[in-house]
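Taking it in order: structure first as structure tokens, then the write-up.
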Amino acid sequence: MDRIIDTAATREDEAIEVSIRPKRLADYLGQQPVREQMDIYIQATKARAEALDHVLIFGPPGLGKTTLSHVIAYELGVKLRVTSGPVIEKAGDLAALLTNLQPYDVLFIDEIHRLSPVVEEVLYPAMEDFQIDIMIGEGPAARSIKIDLPPFTLIGATTRTGLLTAPLRDRFGIVQRLEFYSPEDLARIVRRSAGILNIDCTTEGAAEIAQRARGTPRIANRLLRRVRDYAEVKAGGQITIEVAQAAMQMLKVDQGGFDELDRRLLHTIVEYFDGGPVGIESLAASLSEERGTLEDVVEPYLIQQGFLVRTARGRMATDKAYQHLALQPRERVSAFTDPEDLF
């Protein structure tokens, strides 16, 4: 399912993100508490001439976890090795990565929650003691040898902290949560990206794009590129607030950052299920969408923004959802009086 406001990175996103990615913490806009903390940790680490403690970065997709790892490595003045949990299939794959690190290098593992238990077992002593155990030979002749590793920093990124095992989670000395960005910070990001990409974008135009970007830089930059296309064809190339609004109308992204699927979901709960509660299976059937799509792609932002709530009996639209749909809230059944589980 292709959505302009999807947080998953496309190939175009990945190519563009490389060119607009900030290098220094000073250029990493937003996430002020994270920036301030990491600045202190990095300065202290460099003063002691040590490896930075292992870092876990978590939060919704598209908020800059990979970008932050690049910034950390740059500020430390070391190389960054990038991989992901699904790519490291065997213990030998991880051993090859670790033994090729130089002192104080940073190893970034995206989707670290998807590491297999066998690979995790190899990672534990590497993180704690900078050592790994390798099996040499097969059968009765097999034996284990220890290999010393140079001091290094592991940065793990995940959108699903609940799937991390406790032993792995406990081995990270620094844990950072990335939050959704404010419209003001997103507008600054849009203006910065526009400057790098040579896009003529007014301050008001950038603010209009930021307002509809769902608190996510990846979406903001994607919307910027699509609005640029519209501006070049329809408005002489300049993105003003009027051009941005017209482009968003064409893209069917409203002022709340909702697309057709978001509005359909809220409208279905309100119109067909009297505002809820409604079980996820019934909702998925009504929308002809997969349950996983609704749970992982559509609902998180609606819940975070207060348009939808999950209860023991199912999903309920809030008064805020009624207001967004320009409808009058109805008298609804309490979601907490009946223990029936509709999940």
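Counting starts with 1 at the first residue shown.
Keep in mind that glycine also has a Cβ here, set from the backbone N, Cα and C atoms.
Taken straight from Swiss-Prot:
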REGION    1-181  region 'Large ATPase domain (RuvB-L)'
BINDING   Ile20, Arg21, Gly62, Lys65, Thr66, Thr67, Glu128, Asp129, Phe130, Arg171, Tyr181, Arg218  ATP binding site
BINDING   Thr66  Mg(2+) binding site
REGION    182-252  region 'Small ATPAse domain (RuvB-S)'
REGION    255-343  region 'Head domain (RuvB-H)'
BINDING   Arg291, Arg310, Arg315  DNA binding site
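On the structure: features taken from Swiss-Prot.
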residue: Ile20; record: ATP binding site; DSSP class: helix
residue: Gly62; record: ATP binding site; DSSP class: coil
residue: Glu128; record: ATP binding site; DSSP class: helix
residue: Tyr181; record: ATP binding site; DSSP class: coil
residue: Arg291; record: DNA binding site; DSSP class: helix
residue: Arg310; record: DNA binding site; DSSP class: strand
residue: Arg315; record: DNA binding site; DSSP class: strand
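Same-chain residues at least 6 positions away in sequence with a Cβ under 8 Å from that of Tyr181 (ATP binding site) are, in sequence order, Gly30, Gln31, Leu63, Ile189, Gly215, Thr216, Pro217. Set side by side, the binding-site residues Arg291, Arg310, Arg315 differ in how many other CB atoms lie within 10 angstroms of their CB, and the most is found at Arg315. Between the alpha carbons (Cα) of Phe130 (ATP binding site) and Arg291 (DNA binding site) lies a span of roughly 42 Å. In the predicted model, residues of the region 'Large ATPase domain (RuvB-L)' (1-181) average a pLDDT of 92.
Closest in space to Arg291 (DNA binding site), of the binding-site residues given as Ile20, Gly62, Thr66, Glu128, is Gly62, taking the CA atom of each residue.
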